[in-house]
Amino acid sequence: MSSDMIAARPAPDQRHGIVGWLRANLFSGPINSIVTVVVLALLVRLLWPVLDWALIDADWVGSTRQACTGDGACWVFISVRLNQIVYGFYPEAMRWRVDIVFALFALLAIPRLPFKRIVGVFALIGFPVIAWVLLLGGVFGLTPVPTRQWGGLMLTLTIAAVGIVGSLPIGVLLALGRRSKMPLVKGASVVFIEFWRGVPLITVLFMASVMLPLFAPAGTEFDKLLRALIGIMLFWSAYMAEVVRSGLQAIPTGQGEAGAALGLSYWQRMGLIILPQALKLVIPGIVNTFIALFKDTSLVLIIGLFDLLAVIQSGLTDSAWLGFAIEGYVFAALVYWVFCFSMSRYSQYIERRLHTGH
Amino acid sequence: MLRPSSSIPRRGRGPLWRDPAVRALATQVILLIALVAVIGLLIHNTLVNLEARGINTGFGFLDGRAGFPISQTLIQYTSDSTYGRTFAVGLLNTLLVSVLGIVAATLIGFLVGIARLSPNWLLARLAACYVELFRNIPLLLQILFWYFAVLRSLPSPRQSISMFDAFFFNVRGMVMPAPETQPAFVAVWVALLVAIVATVGLVIYGRRRQAATGRALPVGWIGTMLIIGLPIVAYFVTGRPLNWSVPELGGFNFRGGMHVLPELLALWLALSIYTAAFIAEIVRSGIQSVPGGQTEAARSLSLPGGLTLRRIVLPQAMRVIIPQITSQYLNLTKNSSLATAIGYPDLVAVFAGTTLNQTGQAIEIIAMTMAVYLIISLVISLLMNIYNARVALRER
């Protein structure tokens with residue numbers, strides 16, 4: 001039997017807690033430690049001035065240019081024209097109509113609403129009709145508001161929504177057409193898809209604004225916004241078609257054959273068996289296309305529509321407010337970023353919810 | 001009831017409209033008639049409209065005098081040149097910014113993509129932030145930001161921001177030293193060509209030798225030395241036939257050196273930063289798509305780390321990466337048409353913009369512009385299909 005005390009052993013190495021985490025993730029070796037220090041130093045040097053400019057040194061309240069006194073950003077530039085940024089040139093007395101559409105839109109975007117079927121039908125048919133009537137007016141005693149007065153965030157969202165709602169069904173039809181065994185249907189779909197995918201959106205918009213009036217019967221007036229919407233829908237439906245096609249290709253042939261053996265017609269097989277599975281598979285691709293479409297709505301600035309970016313761009317040339325370009329662009333970037341980022345997060349959430357595998 | 005086969009109609013029996021072949025034919029005939037009708041209507045309307053507006057069709061306008069200057073021309077061009085020349089100048093400017101953008105976007109994209117997989121938590125997060133920040137902001141906004149908020153607010157030429165006393169940034173763009181070659185410089189190009197041919201030969205020989213004897217040649221090292229060394233030797237042997245024209249401030253602007261338009265800089269920066277965010281994601285997913293067992297197998301064969309990366313991981317990752325990256329290159333080329341928003345004289349700006357406004361030949365000009373992008377797209381996707389067929393998994 002030993003009478004001596006057992007010598008103290010070194011403490012177990014720290015693998016848990018903050019120190020353990022730091023050691024595993026930031027200082028696991030000499031190179032890793034150097035990288036950590038360099039990145040940290042860079043972050044402090046770059047991020048601090050940005051924060052200082054955007055938040056600490058910034059001017060927030062006021063209504064004139066005289067309010068901009070600090071060295072930092074002057075957000076007054078944004079706040080004085082916030083109404084214009086949201087509504088464009090929509091008449092002030094009628095802005096409640098836009099508000100209602102915004103509210104309905106936000107309501108429909110809530111995940112897991114009850115009465116799924118009714119809500120779905122309403123979102124696809126009822127909502128666009130209501131939004132169209134409210135925004136355009138001219139019926140039920142609503143004062144008409146021509147589309148040239150639309151602008152700002154409201155126009156951006158309108159273009160994006162119409163583009164999304166329009167391009168998905170056309171895209172699905174094109175994808176089915178491309179997979180068809182009928183040579184003429186297949187050929188027409190391939191030519192259509194490859195044409196739109198091969199040209200830049202800006203030339204499509206140019207084409208829509210200078211060539212669509214030539215295509216229409218003489219004497220018809222084409223609304224500028226409508227022309228842009230047609231171009232955007234056709235353009236993005238081609239991209240959507242390729243995304244949907246990749247989903248269709250991933251469904252085993254047996255699924256369709258089983259449907260045929262049960263005596264289902266082509267459209268029943270597609271609508272009840274193939275498409276529900278295929279579309280679920282390509283949700284990430286569809287949402288990525290939506291995001292790209294949303295970002296590219298900013299291109300309508302080039303053909304002279306007043307979307308969010310164009311309103312801010314025109315605010316920069318306001319002679320009373322020269323020199324606030326960075327504030328303007330940073331604000332616009334923030335708005336676009338919030339929409340795009342939340343769309344991509346929403347798609348990840350839907351993907352997890354619809355995941356029925358193991 | 002007991003003989004279900006009798007209830008299934010045989011081919012050729014039953015009503016005609018239930019026969020799949022007849023239905024397919026009918027569908028296609030209807031589609032054909034509809035297509036012909038729509039296209040015919042469009043052509044008819046267009047001809048009527050063109051006549052009503054008194055516009056002549058045809059490509060004769062290409063020989064007309066352009067009458068406007070272009071701020072950046074890679075080939076000889078004056079305002080006396082023809083519209084056909086304008087088309088060529090615009091096309092070359094588009095290709096220039098696309099190539100510059102592709103090179104920069106690939107470099108940044110690969111760096112960020114690899115950084116995202118770094119074991120260093122901070123670096124990986126930083127790379128993820130880069131991707132999430134730049135791919136969620138419209139490209140047009142980024143172009144406008146770099147142009148109006150950054151480059152247009154630089155000081156005047158007299159107060160230029162200088163880097164190493166060779167690069168000067170001011171409101172008129174960037175000025176940098178320009179190489180001025182003498183006739184003897186051709187020797188350097190010849191040396192470079194010889195080095196490349198020799199390296200290709202070496203690679204082929206090295207492969208044969210390895211297949212025959214199992215011993216590898218250090219082809220990489222020898223090739224690099226040849227390609228760098230031979231031109232340098234040629235340069236000194238021919239008596240250094242290259243001068244640098246260094247920009248100098250004289251009066252209100254710089255003399256000498258090469259002037260780079262601020263529009264080109266803004267477009268180049270925005271295109272490369274934006275596309276790099278997408279390339280980074282492609283690189284990350286490509287490398288992650290290689291199963292971990294591949295690396296483990298290579299290690300158990302005692303392949304060193306660098307060789308594992310070059311011979312095992314990268315070739316498999318590239319199979320996933322290359323097709324997607326090519327489509328990003330195509331996107332970049334098409335996105336370069338946003339140049340028109342800041343006035344960089346690319347194809348869309350000078351041809352579908354200025355020329356269209358001056359001549360009114362909407363159909364011909366839009367068709368030519370679209371055809372250029374279509375041809376680029378189709379050629380690249382053709383090359384891509386050939387590549388895909390070559391690297392596709394050979395399954396038995």
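The backbone N, Cα and C atoms fix where each Cβ goes, and this holds for glycine too.
In TrEMBL, annotation is done automatically, which means it is predicted and not curated.
Quantities reported herein were computed from a predicted structural model and do not represent experimental measurements.
As annotated by TrEMBL, transmembrane segment applies to A:21-48 (among others).
Within the chain, the transmembrane segment (A:94-111) has long-range Cβ neighbours (under 8 A, six or more residues past its boundaries) at 83, 86-87, 119, 122-123, 127, 130-131, 134-135, 137, 142-143, 145, 154, 157, 161, 346, 349-350. TrEMBL lists A:94-111 (among others) with the feature transmembrane segment.
Per TrEMBL, transmembrane segment is recorded for A:118-140 (among others). Beyond the transmembrane segment (A:118-140), the same-chain residues lying 6 or more positions past its ends with a Cβ under 8 Å from any Cβ of the stretch are 94, 97-98, 100-101, 104-105, 108, 147, 150, 154, 158, 161-162, 165.
What TrEMBL records for A:152-177 (among others) is transmembrane segment. Sequence-distant neighbours of the transmembrane segment (A:152-177) (same chain, 6+ residues past either end, Cβ-Cβ under 8 Å): 84-88, 90, 98, 102, 105, 124, 128, 131, 135, 185-186, 188-189, 192-193, 225, 228-229, 232-234, 236-245, 248, 270, 275, 279, 286, 289-290, 293-294, 297-298, 300, 305-309, 311, 335.
What TrEMBL records for A:153-347 is domain 'ABC transmembrane type-1'.
Feature annotation from TrEMBL assigns transmembrane segment to A:198-219 (among others).
Sequence annotations record features per position, and here TrEMBL assigns transmembrane segment to A:299-316 (among others).
Below 8 angstroms of C-beta separation, residues 54, 68, 73-75, 77-78, 85, 153, 287, 290-291, 294-295, 298, 308-309, 312-313, 315-316 of the same chain, each at least six residues beyond the ends of the transmembrane segment (A:322-343), sit close to that stretch. Per TrEMBL, the feature transmembrane segment maps to A:322-343 (among others).
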Distant-in-sequence neighbours of the transmembrane segment (A:198-219), which means Cβ under 8 A and at least six residues beyond its ends
227-228, 230-232, 234-235, 296, 299-300, 302-303
